[in-house]
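Asks: Below you'll find the structure I mean.
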Amino acid sequence: MICYNQQSTEPPTTKTCSEGQCYKKTWSDHRGTIIERGCACPNVKPGVKISCCSSDKCR
């Protein structure tokens, strides 16, 4: 499966992932809203939104 794997401040990149899922985490700090994408579906801290999916480049 192919997932995006970059933060919102970087140009889009992809990675082949064996985990079978992609994620998109979103949170806010002093820099504004931050978006991070990657492989798997990790647990997140309170205040961090996460959405996971299981198709190529889905998040």
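Counting starts with 1 at the first residue shown.
Placement of Cβ uses the backbone N, Cα and C atoms for every residue, glycine included.
As annotated by Swiss-Prot, disulfide bond applies to Cys3-Cys22, Cys17-Cys39, Cys41-Cys52, Cys53-Cys58.
Surface or core, plus neighbours and distances: that's what I need for these features.
Replies: For the recorded site, Cys3 (disulfide bond), the DSSP three-state label reads strand. In this view, Cys3 (disulfide bond) is surrounded by 25 other Cβ atoms within 10 Å of its Cβ, with every protein chain counted.
For Cys39 (disulfide bond), applying a Cβ distance below 8 Å and a minimum sequence separation of six or more within one chain yields Cys3, Asn5, Lys15, Cys17, Ser18, Glu19, Gln21, Cys22, Tyr23.
Other Cβ atoms within 10 Å of the Cβ of Cys41 (disulfide bond), summed over all protein chains shown, number 16.
Residues within less than 8 Å, Cβ to Cβ, of Cys53 (disulfide bond) and separated from it by at least 6 positions along the same chain comprise Gln21, Cys22, Tyr23, Arg59.
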Asks: How would DSSP class Cys39 (disulfide bond) in three states?
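Replies: For Cys39 (disulfide bond) - judged by DSSP and reduced to three states - the answer is strand.
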Asks: For the disulfide-bonded residues listed here (Cys17, Cys22, Cys52, Cys58), tell me which residue's CB has the most neighbouring CB atoms inside 10 Å.
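Replies: Of Cys17, Cys22, Cys52, Cys58, the one with the most crowded Cβ is Cys22.
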Asks: Can you grab the distance from Cys58 (disulfide bond) over to Cys52 (disulfide bond)? Cα atoms, rounded to a whole Å.
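Replies: Answer for this pair: 9 Å between alpha carbons.
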